[in-house]
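Peer 1: Dropping a structure here in structure tokens format, bear with me for questions.
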Amino acid sequence: MKILGPLIVYSPSIALAIAFGLCYRKEPRQFKNAVLLGFFLITFLPTLLMSFGHVSMVAPLFFAILLAPVITIAFLFMNTFVVVRHEGFHLSTILPALLVLAIIGWFSLFPVLIILRAPAWLMGIASLITAEGLWFFFTFVALLLYSTLYRLLPRKRVYNYIIIHGAGLIDGKPTPLLRGRIEKAYSLWLHQNKQGKFVASGGQGSDEAVSEAQAIATYLMRVRDVPAEQILLEDKSTTTFENLSYSREIISADWSSDEPYRTALVTSDYHVFRASEYAHQLGMKADGVGSHTRAYYWPTAFIREFIAITKAHWMPYLVIAILSLIPMAISLIR
């Protein structure tokens, strides 16, 4: 009986932990793994606190929860100013500030409508927005935690191909961001005793003299003395998905063994999970490897990545909308 009690209390956490472990072992490059991890933490941490925590911990925890949105808002606002100062003012650099406005609007919606004595139908719409917002912020935190876990877990493999994702050029040469990716790929190549080939991936923009693929290859040959025969060029892509799709075609044409090949996807750390998920969709045996991103730019970049991933996983938002609108429709009919 003494064992049965804790088992019942922790049973939701245990079930979620098992589900997460099985899904991760089967395929780590899935968005649902992030969701399972998030639900596990939501069930496990409060249960653990109630089981072993002291009453004196409740007040500090309560204030920490209250302060978390304030600290987040302050940090994102300050980060926006830093990013704009370094990168210039455009939509992608003000994403942290836009997220702050969304957070403030989300927290303020119900109090404002209550003060204004809004009609029931408007309160229903507010409930829908609140529910959608809860899912948005939950998946944001869950993906942040899981994508970090995915990047940090060690992988002791030898890769047959190392794909380097393009990231823009300045005067025909790699940007600092792209140089970081190239150097990470090169260090991985050295780590596996110069085995495998590079796949330089990236098309040519309308304002660029050469393709990103050619600029990557030139850097590898001139700066790092990589033999030309160790580099394959993929110079048609304009998106991450195309990077991988076209690279897969080139690799398949180059690979001569009956054994399946293994690929590393080298990109910026904030971009690793999305690239890896696309590779999974394309049926590629590939691991994401992240290069370092400057700390000031990371929040902006991750927000952009999260929006792109959310667009691909829109179904929960539709389900939430339907479940929220059904009671509203019934009340209006009555």
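Glycine is no exception: its Cβ is also placed from the backbone N, Cα and C atoms.
So TrEMBL has the following annotated:
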{"type": "DOMAIN", "residues": "161-307", "note": "domain 'DUF218'"}
{"type": "TRANSMEM", "residues": "6-24", "note": "transmembrane segment"}
{"type": "TRANSMEM", "residues": "36-55", "note": "transmembrane segment"}
{"type": "TRANSMEM", "residues": "61-82", "note": "transmembrane segment"}
{"type": "TRANSMEM", "residues": "94-115", "note": "transmembrane segment"}
{"type": "TRANSMEM", "residues": "121-146", "note": "transmembrane segment"}
{"type": "TRANSMEM", "residues": "314-333", "note": "transmembrane segment"}
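I'm curious about the neighbourhood of these features; can you describe it?
Peer 2: Secondary structure by DSSP for the domain 'DUF218' (161-307): 73 helix, 30 strand, 44 coil.
Residues 6, 9-10, 12-13, 16-17, 19-20, 23, 61, 138-139, 141-142, 145-146, 149 of the same chain sit 6 or more residues outside the transmembrane segment (36-55) yet have a Cβ under 8 Å from a Cβ within it.
Sequence-distant contacts of the transmembrane segment (94-115) (same chain, six or more residues past either end, CB-CB distance under 8 Å): 69, 72-73, 76-77, 79-80, 83-84, 122-123, 126, 129-130, 133, 137, 299-300, 303-304.
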Peer 1: What stretch, picked from 6-24, 61-82, 314-333, has the most CB pairs under 8 A with the transmembrane segment (121-146)?
Peer 2: 314-333
Peer 1: Checking distant contacts: for the transmembrane segment (61-82), what same-chain residues at least six beyond its ends satisfy Cβ-Cβ under 8 A?
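Peer 2: Contacts of the transmembrane segment (61-82) (Cβ under 8 Å, skipping residues fewer than 6 from its ends): 49, 93-94, 96-97, 99-100, 103-104, 107, 296, 299-300.
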Peer 1: Is the transmembrane segment (314-333) packed against any residues at least 6 beyond its ends, judged by a Cβ distance under 8 Å, and which are they?
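Peer 2: Residues 120-121, 124-125, 127-128, 131-132, 135, 139.
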